[in-house]
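Quick notes on the structure that follows.
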Amino acid sequence: MWLFHTLLCIASLALLAAFNVDVARPWLTPKGGAPFVLSSLLHQDPSTNQTWLLVTSPRTKRTPGPLHRCSLVQDEILCHPVEHVPIPKGRHRGVTVVRSHHGVLICIQVLVRRPHSLSSELTGTCSLLGPDLRPQAQANFFDLENLLDPDARVDTGDCYSNKEGGGEDDVNTARQRRALEKEEEEDKEEEEDEEEEEAGTEIAIILDGSGSIDPPDFQRAKDFISNMMRNFYEKCFECNFALVQYGGVIQTEFDLRDSQDVMASLARVQNITQVGSVTKTASAMQHVLDSIFTSSHGSRRKASKVMVVLTDGGIFEDPLNLTTVINSPKMQGVERFAIGVGEEFKSARTARELNLIASDPDETHAFKVTNYMALDGLLSKLRYNIISMEGTVGDALHYQLAQIGFSAQILDERQVLLGAVGAFDWSGGALLYDTRSRRGRFLNQTAAAAADAEAAQYSYLGYAVAVLHKTCSLSYIAGAPRYKHHGAVFELQKEGREASFLPVLEGEQMGSYFGSELCPVDIDMDGSTDFLLVAAPFYHVHGEEGRVYVYRLSEQDGSFSLARILSGHPGFTNARFGFAMAAMGDLSQDKLTDVAIGAPLEGFGADDGASFGSVYIYNGHWDGLSASPSQRIRASTVAPGLQYFGMSMAGGFDISGDGLADITVGTLGQAVVFRSRPVVRLKVSMAFTPSALPIGFNGVVNVRLCFEISSVTTASESGLREALLNFTLDVDVGKQRRRLQCSDVRSCLGCLREWSSGSQLCEDLLLMPTEGELCEEDCFSNASVKVSYQLQTPEGQTDHPQPILDRYTEPFAIFQLPYEKACKNKLFCVAELQLATTVSQQELVVGLTKELTLNINLTNSGEDSYMTSMALNYPRNLQLKRMQKPPSPNIQCDDPQPVASVLIMNCRIGHPVLKRSSAHVSVVWQLEENAFPNRTADITVTVTNSNERRSLANETHTLQFRHGFVAVLSKPSIMYVNTGQGLSHHKEFLFHVHGENLFGAEYQLQICVPTKLRGLQVVAVKKLTRTQASTVCTWSQERACAYSSVQHVEEWHSVSCVIASDKENVTVAAEISWDHSEELLKDVTELQILGEISFNKSLYEGLNAENHRTKITVVFLKDEKYHSLPIIIKGSVGGLLVLIVILVILFKCGFFKRKYQQLNLESIRKAQLKSENLLEEEN
């Protein structure tokens, strides 16, 4: 049942999400009726605290007044025209209204035409109303040059005694912009009135066609009229002509209607036939009044009317009196010019008659020429006198299109600052005007920097104006959104009596209209400007989304620094964010100024309906303006059919009567008023009984939960009578196994309807242990109780503004229920954990190192340490072998768990309480014989506890890892070369490497072959071979090589091979040449080819460094050369002599005789035996 009750309670509530403008109950001005709203603002009379909604309107038949004041009457907005506001004649092109505690200033830009001016003028008329909206002063700027005083005082830069005047906290502006201008259709009568207001100039030419004029002179008169009309048509687009010829008869050659066709009118002039006879000048002038300047012949009531009389003599036989015609009522307002041709006008009577025809003064209206050929010399002078040439096509414009009052600020009870955006060819400027003296001083950039006049042209300076309250001074600023096509903000600076605008901030994107809207903000409401918001509503990303730049003002020198950039919802293009901005006062009720920014085209063209436009609310903080909006109000959520929602806005005053600041937002044709919602800030408290849990406690805990409003207002009290506070309790937050819980789940989710004693609400709750023992594992850490809360209100309740919790205060509070601890009557037990660790070695060689030992000594020299834990982080290539633990305290460790690239082993030391004691632990790891990817790794020991004031001890050891390998070079060997067996020898030098390389260590084999000895090239390397494809070899010529410095060698051939395998044979084939080297061989007996293994010792460890060097020695063998012929001859001669001597001695001894006889006997015996054998064979 309680669950159903809770769900029903929640379902009947509407969550209050928007902070903190109430969009559920807006008020709108009547749609389709008077007035048609262009802009709106709120104004309050300080003397009576009466607040009105002021709206501006275009000039129509239904809304004749440009300003209306509106009030809330029985939940409806009723509007009435503000009386005694002068309405200037002409077509209204814009209305600007600003207010301060000094009053209200309304300026109307009016399109008018001066008499005989060739072009229209767009200037302003301003009316200053008092705080009670009674008229105080009026200023008309049609003749601005006569109102200027270049020596008028400018107060900027001086200390200003009253900072309230013109301050950003009580000045709100609203003005109609061209981009959103869409006036109601006007009645036909009004259109006719406006046409007459721009009716132009009507010129009636009266030509003397009497008989006293010769035909050639009459033709010259017609040519003069043609040239005059053609000359005027080129400059004056609104000039119309009529031509009347007089003599014996008076006839209209063509009237004002016919002159619309320029070429036809010029042709008619040339086709005129002279009528002759008498000179009826007075009758001809009366004819123009009766038959030309009438509406039936194309004349407009408010057009400027001019007569040009061309005659060759005095009046003759005219029935009408000239004086009577001149003084007739129809002649009033008609300017007359007279041209007398001929000698007759030298007489006094005829001259007086000519002056009577012309208007005063005669110097500029009566002309005399001696003959008709001299008429063309009068054209330029006549044109200048008839039509004022200032402001004509091609000429520079000064104040004709100034639009005085396009933007405005009230400075005090007599001075105003008015933007003149169109002055000086739209370079713009500002007018500092004194409403009492009716004098002003024009301020612009051109006067200050004539060299930069080209950049100033068309910059629209004065599009927006504002006043900054700097430290003990005022500063006038003006926006120029087209300055150098990027836009800029100008600040008025003084040098002596000179004052001019100079740029201080410039836009960053072409066409962004940077500076079109300025909004000074006094965040802390101390009277000094803290920030300046500068809008660039056409800033382009995908479309013209717009953005706002927030600049901070320096308190020291008043300089600007960019604080942040604001932008609207990224999903909308062409939103024009920043089109309007306003400081809204303290909407969030934190004594800080809030700001509203409009995006009137956001959602334009969307499919969800005809409403479009949004307003963003940004709250002020002590360190500045918030970076994100607290609320986005869309037109579609307010009312259907609202267009350009956010084109103007203002706030800061209470029109609804609830004591809170309200705001108004302008849309096309209507104004919307929103009330702000009371902001509630709650102070939450919680009391526990018992205040601390004893060890082994198994009872219930009484909880007293109270909510107290820290800031009570009438609106908040009224709203809280109907609001509900929904709160939720989360007991033992952050614990996987909770030790306490609510005795009844319903008591942890409450719908509270009544507040006790107005500002405080309390509730009693019960907490009880969960199933099992209350203190099974964690009996020492506090039990955290989190209270989350929110305000809710019944749906459809709009009688009072709905309260809302402060957006910037977390809607929850956390309270701690501690356990009792034996800590010498102190609130917290403070343990003092000390950790000391050592490792058996810092450098480990994979493949060589077998074990690593870490000794850990943990000491608690303080009070009890609860739930003491030790975390041991070590690299994965260390495998736990054994762990030596003391018998006391008890240490229990979990199995290591892989986390990322390490293993973590968690140990519980002396759980639950580690008393004052020490523990020594030894951890032994075995190093895996696998390649380790990193050069270093850390072993980290971290010890923590669960005391309220946690203790933390940790130590880290960094291990250096290298990988071992075995590489053996073949033993040194000797080779022999017989240098006497030819001039060159081909040799191959083999370097054999073998060993064990389990971890893919890369090492280098360097072979050094001496090639040049004493400047002679002895050895040339021909070829290099290797057996492994992975081996990469390079070679170069070096002057020194390897580890040995061998004498006589000047150059080496160095071969470097990178090897990563177990075995490799590298063979270097070379050619040894001895040509021209006989002298060298006298001193050089051998060559040494060197071989050496090297490697990166920071990565690898060579396990047999004694076998990393070898050499191959080449020994040279040398043969002696002898002259053999003399020795042979001498030996032969000596031998013969010795033989002869021996023979002589033997002969004398009879040696040869006995021997010879024996030989002969043996020969005879052999012959006989042979013969006997032959005979036997034959037989």
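Here, residue 1 is simply the first one shown, and the rest follow in order.
Here the Cβ of each residue, glycine as well, is placed from N, Cα and C on the backbone.
The Ca(2+) 2 binding site annotation in Swiss-Prot covers ASP586, SER588, ASP590, ASP594. Neighbour list (SER588 (Ca(2+) 2 binding site), Cβ cut-off 8 Å, at least 6 residues apart, same chain): PHE19, ASN20, ASP594, ASN619, GLY620, SER630, VAL679, ASP806, ARG807.
Reduced to three states, the DSSP call for SER656 (Ca(2+) 3 binding site) is coil. Using a 10 Å Cβ-Cβ cutoff, SER656 (Ca(2+) 3 binding site) registers 21 neighbours. Residues or ranges marked as Ca(2+) 3 binding site by Swiss-Prot on the basis of similarity to another entry: ASP654, SER656, ASP658, ASP662.
Annotated domain 'VWFA' per Swiss-Prot: 200-389, in sequence order, evidence recorded as sequence analysis.
Annotated region 'X-domain (extra domain)' per Swiss-Prot: 145-199, in sequence order. For the region 'X-domain (extra domain)' (145-199), the model gives a mean pLDDT of 51.
What Swiss-Prot lists as region 'Disordered' is 158-200.
Residues annotated as repeat 'FG-GAP 1' in Swiss-Prot: 22-79.
Annotation comment: Swiss-Prot describes 390-442 as repeat 'FG-GAP 3'.
The topological domain 'Cytoplasmic' annotation in Swiss-Prot covers 1148-1179.
Within the set of binding-site residues (ASP590, ASP662), the lowest number of other Cβ atoms found within 10 Å of a Cβ is recorded at ASP590. Here the repeat 'FG-GAP 3' (390-442) is broken down by DSSP into helix, strand and coil counts: 4 helix, 23 strand, 26 coil. Listed in chain order, the extra residues whose Cβ falls within 8 Å of the Cβ center of the Ca(2+) 2 site residues ASP586, SER588, ASP590, ASP594 are GLY585, LEU587, GLN589, LYS591, LEU592, THR593, ASN619, GLY620, VAL679. For the recorded Ca(2+) 3 site, residues ASP654, SER656, ASP658, ASP662 set the reference point as the centre of their Cβ atoms, and the other residues of that chain within 8 Å of it by Cβ are PHE653, ILE655, GLY657, GLY659, LEU660, ALA661, ARG675, SER676, PRO801. Across the repeat 'FG-GAP 1' (22-79), DSSP assigns 0 helix, 33 strand, 25 coil. Annotation note: ASP594 (Ca(2+) 2 binding site) sits in a strand segment as assigned by DSSP.
Of the listed binding-site residues, namely ASP594, ASP658, the sparsest Cβ surroundings within 10 Å are found at ASP658. Taking a C-beta cut-off of under 8 angstroms and a sequence separation of 6 or more, ASP586 (Ca(2+) 2 binding site) has the following same-chain neighbours: MET525, LEU592, THR593, ASP594, GLY652, ALA661.
ASP586 (Ca(2+) 2 binding site) falls within neither a helix nor a strand when secondary structure is assigned with DSSP, and so counts as coil.
A gap of 15 Å separates the Cα atoms of ASP662 (Ca(2+) 3 binding site) and ASP590 (Ca(2+) 2 binding site). The local packing around ASP654 (Ca(2+) 3 binding site), expressed as other Cβ atoms within 10 Å of its Cβ over all shown chains, amounts to 19.
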